[in-house]
Amino acid sequence: MALTSEQRAEIEAQRSEPQLTSRPTVAAMENLLFTPFEVLDHGFLRVVDYMGDDGAVVQAARVSYGRGTKKVSEDAGLIRYLMRHRHSTPFEMCEIKFHVKLPVFVARQWIRHRMASVNEYSARYSILDREFYLPAMDQVAAQSSSNRQGRSDALDADTAHQVLEILRRDASQCYDDYESLLNPEGRGLARELARINLTLNTYTQWYWKIDLHNLMHFLALRADPHAQYEIRVYAEKMIEILKAWVPATAAAFEEYRLGAFTLSAGMLKVVRRRLAGETVTQENSGLTKREWSEMAAVLDGAS
């Protein structure tokens, strides 16, 4: 992970000057505030601010003036109810802001989640660093034959080395050309034009602020095993932060979203028929092959 000297100085300054506040704070979050967590080869993720806690969710749900009940178990029970019944607005009362360094191709997946505020490092005004994402050997994988947007098994070592060399060579050459285009003693091309030649594995940075409800939606999709590895590792780190920030909400989220599976009306009929002792197959279930395999993977542990 490469932090600039300016970023390190900023982090140290922020951590050395605690702020007085009357608002609720979370001790675990205060301890990790501003701390960069390494992700991928040059990326990082750090919390720069947050608002609210589990108590804020409860307070909003009850529209109360206090901080919830005196019994943590009652507050946790209400949060579980809200999560189970897919209430959203109480969770929207909490917000968190991240500083993220990530490859451009990951950023383009990430930005599809539109319910957030984002401000990205501008290559129109500044020059991007010579930093590129190169996957680890075990992540250099073949295209999946069953999933058009997924990968399969890792390639053999020799092929993986060749792939990595191509990625490294192309990224380096494009950055050399980027510098050459920018050189005021040479072509002196505008930054907003010179950047278009850079590869998608170039690292960018942004500040990303989102409410708790939409954060959990993001995590449910991007921490899923089917999500691309390079964005999933960011989501997994964010789940660790979620547990420190709102532990009761995080527990309910894991119970009712991450570790859960939604049955369609047709799937529920199949379950009831099986409970009644009927032998149900995909052919007589009324489900498509994909629906059947997804349900079987959950109910029977089959693929």
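Using N, Cα and C of the backbone, Cβ positions are placed for all residues, glycine too.
Straight from Swiss-Prot, the features:
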- ARG222: active site, involved in ionization of N3 of dUMP, leading to its activation (ACT_SITE)
- THR89, ARG112, HIS113, ARG114, GLU120, ASP211, LEU212, HIS213, HIS217: FAD binding site (BINDING)
- GLN109, TRP110, ILE111, ARG112, GLU120, TYR121, SER122, ALA123, ARG124, ARG195, ARG222: dUMP binding site (BINDING)
- 43-256: domain 'ThyX' (DOMAIN)
- 1-21: region 'Disordered' (REGION)
- 112-122: motif 'ThyX motif' (MOTIF)
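Here GLU120 (FAD binding site) is compared against the recorded positions GLN109, ILE111, ARG222, and the shortest C-alpha distance is to ILE111.
For the motif 'ThyX motif' (112-122), residue counts in helix, strand and coil come to 0 helix, 4 strand, 7 coil, using DSSP. The Cβ of LEU212 (FAD binding site) lies under 8 Å from the Cβ of GLY52, VAL57, PHE91, GLU92, MET93, CYS94, GLU95, ILE96, VAL246, THR249, each of which sits 6+ residues away along the same chain. Across the structure, ARG124 (dUMP binding site) and HIS113 (FAD binding site) are spaced 24 Å apart at their Cα atoms. Site extent for dUMP: among the recorded binding residues GLN109, TRP110, ILE111, ARG112, GLU120, TYR121, SER122, ALA123, ARG124, ARG195, ARG222, the largest C-alpha separation is 29 Å. Reduced to three states, the DSSP call for GLN109 (dUMP binding site) is helix.
Note on THR89 (FAD binding site): other Cβ atoms within 10 Å of its Cβ, all shown chains, come to 12. The two recorded residues, THR89 (FAD binding site) and ARG222 (active site, involved in ionization of N3 of dUMP, leading to its activation), show a Cα separation of 22 Å. When secondary structure is read from DSSP and collapsed to three states, ARG124 (dUMP binding site) falls in the coil class. If you take every residue in the domain 'ThyX' (43-256) and average the pLDDT, you get 93.
Summary: among the binding-site residues (GLN109, SER122), the fewest other C-beta atoms within 10 A of the C-beta are counted at SER122. Nearest by CA distance to SER122 (dUMP binding site), out of the recorded positions HIS113, HIS217, ARG222, is HIS113. Broken down by DSSP into helix, strand and coil, the region 'Disordered' (1-21) contains 12 helix, 0 strand, 9 coil.
HIS113 (FAD binding site) and ARG222 (active site, involved in ionization of N3 of dUMP, leading to its activation) have their C-alpha atoms 10 Å apart, to the nearest angstrom. When every Cα pair among THR89, ARG112, HIS113, ARG114, GLU120, ASP211, LEU212, HIS213, HIS217 is compared, the largest distance found for this FAD site is 27 Å.
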